[in-house]
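Chemist: Take this structure, written in structure tokens, and hold onto it; I'll ask about it next.
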Amino acid sequence: MTNNDKEKQPLLSSINNEDDNGATINIVEPVPWYSNIPQKIKNSMSKETITILIYVVLYVTSGVINSVLLKKVMNKFTNYAFFLSQLTNFGYVPIFGAVTAYKIFFTKDIPQETRDFPTRKFAIMGALDAITGFFVVIGGVSTSGPLQQLLNQAIIPFTMIASFIFLKERYSLIQLGGALVIIGGVVTSLIPSLLGGSSGGNKPFWNFFYLLSVIPGALSNVYKDIGFQAVADMDVWYLQYWDSLYQSIFGLFLFPVNNWLPPPATVKFEQILPFMKEGAECLAGINSIIPSYINGTSSFTATSCTYAPDATITCDDCHNAWIVIILYMTINIIYNIFILLVLKHAGATVYSIANTLRLPLTNIVFSIHFIMGSAVSPFSGLSVAGLVIILVGLGGYRVGSMIKQKKAAAAGGAIKVIPSYGPAGMDNIIPVQKEYIEPKSQAHLRNQFFGKLGINVPEARYRAANNNNYGDA
């Protein structure tokens, strides 16, 4: 074989998958870069990560369903908003009471120290939540679902103001800027209602009435920080039982306000018993306010009700009302359970991101006709602008909060969450990461006093004295 043949042989043999000695050569095909992405994702998905993703997806899904069902319940009880407010308050009392009784008598989940916690603090929290729920339900009847979601975000700047006044809380420029943008988004979202061109049955008076709910809601958030400061771990079912009980009691005393409210919330003092009776009939699916016709013709009388969303007197639509209210209360409990699960397993940062994502998804669902029916709220230019502005503000506020939380964590802080279902329709405020200072027990203070007198007390006794309980909060 000539030299030229030898030089050509490797090339020819490689084409035939053979080397110089006749052995077979395996040619490795190049692998596309994107083919390994699914495997990389699978390898990075630990059991804990999958669990967190499931909790987040279920939280967002249940949150969207919860908001939609709340508006559907309001539409069913348009003429009986106060009855609905009390129904949602008293309806949770036996549920939370049964779970609390079981945990007290058959488990050790609720220790004596928790049961000794002053109930007056629950009463104050319940009173504030009752006022919030009153504004939410009464005003929500004539406030469209998308606008409700946007107005709810105003609780963030109002909570910041209340925290600054009562807790001397300080906020970063990023948080303040985000709050101002949120306010701008709320104002933008109210413009269509003020100009009279809004859809979904929005009425300016009731829109502002609904917006007022963020004031007692913000005060409730701040009081939870003050009243439960010394509580290391409050059982959520025990807290909700007392909160719903006092919320129901104080809610009854708000009835006189309806005497001076315009329709459809007007209920005179002498009409309270017939009103509650008709509300109960509506719950059972019986319509009391129905169209009246002129001498059997198809023409309505001047005082007849209509089914138009912007009507002064709206006809009852109580069909299957009891089914809708049961679904709402069930989903509401499930939704709040997932809030706690996301906070526990994923943390406040993931919860904040999921909560922000839930806002546009909910408003999209409100615009789908086959879900909302006649209560559908199509997007308008200003409603989209308000949504985008609020999302930008929420993003800025969340980023500022995350930075603040990281600084608090570096300084030894910890996320302290006061779980609360709160009134219907009002979102929980995002937990703030702050340093938790455990209060000193009486025995610890006594040993400390002896130490100042020159009496030597071993360090172990300090620790033992302070680990007994959280003291009389």
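Cβ from N, Cα, C; glycine included.
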Chemist: Do T107 and A346 share a side of the membrane, as Swiss-Prot has it?
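Modeler: Membrane side for T107 and A346, as annotated in Swiss-Prot: identical.
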Chemist: Same chain only, please: residues at least 6 beyond the ends of the topological domain 'Vacuolar' (71-80) with a C-beta under 8 Å from a C-beta of the stretch. Say none if there are none.
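Modeler: Same-chain contacts beyond the flanks: 137, 140-141, 144-145, 148, 264, 275, 278-279, 282, 288-289, 314, 316-318, 321, 324-325, 328, 366, 372, 375.
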Chemist: Where else in the chain does the transmembrane segment (122-142) make close Cβ contacts, counting only residues six or more beyond its ends and a cut-off under 8 Å?
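Modeler: Apart from its flanks, the transmembrane segment (122-142) reaches 70-71, 74-75, 77-78, 81-82, 84-85, 88-89, 148, 201-203, 205-213, 216-217, 219-220, 223-224, 227, 239, 242-251, 254, 257-258, 261, 264-265, 420, 422-426.
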Chemist: Does the transmembrane segment (176-196) come close to the transmembrane segment (323-343), meaning at least 3 CB pairs under 8 Å for residues 6 or more apart?
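Modeler: As far as Cβ distances go (cut-off 8 Å, pairs 6 or more apart), the transmembrane segment (323-343) and the transmembrane segment (176-196) do not touch.
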Chemist: Would you confirm whether the transmembrane segment (147-167) and the transmembrane segment (249-269) meet the contact rule of 3 or more C-beta pairs below 8 angstroms, pairs 6 or more apart in sequence?
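Modeler: Contact between the transmembrane segment (249-269) and the transmembrane segment (147-167): absent, because fewer than 3 Cβ pairs are under 8 Å.
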Chemist: Is the transmembrane segment (375-395) close to the transmembrane segment (176-196), in the sense of at least 3 CB pairs under 8 angstroms with a sequence gap of 6 or more?
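Modeler: Since 3 or more Cβ pairs under 8 Å link them, the transmembrane segment (176-196) and the transmembrane segment (375-395) do come into contact.
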Chemist: Relative to the transmembrane segment (353-373), which of 50-70, 81-101, 208-228, 249-269 accounts for the most Cβ pairs at distances under 8 Å?
Modeler: 50-70
Chemist: Where else in the chain does the transmembrane segment (81-101) make close Cβ contacts, counting only residues six or more beyond its ends and a cut-off under 8 Å?
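Modeler: For the transmembrane segment (81-101), the sequence-distant neighbours (Cβ-Cβ under 8 Å, at least 6 residues beyond its ends) are 73-74, 110, 130, 133-134, 137-138, 140-141, 235, 237-238, 240-241, 244-245, 247-248, 251-252, 254-255, 258, 264-265, 267, 275-276, 279-280, 282-283, 325, 329, 333, 421, 424.
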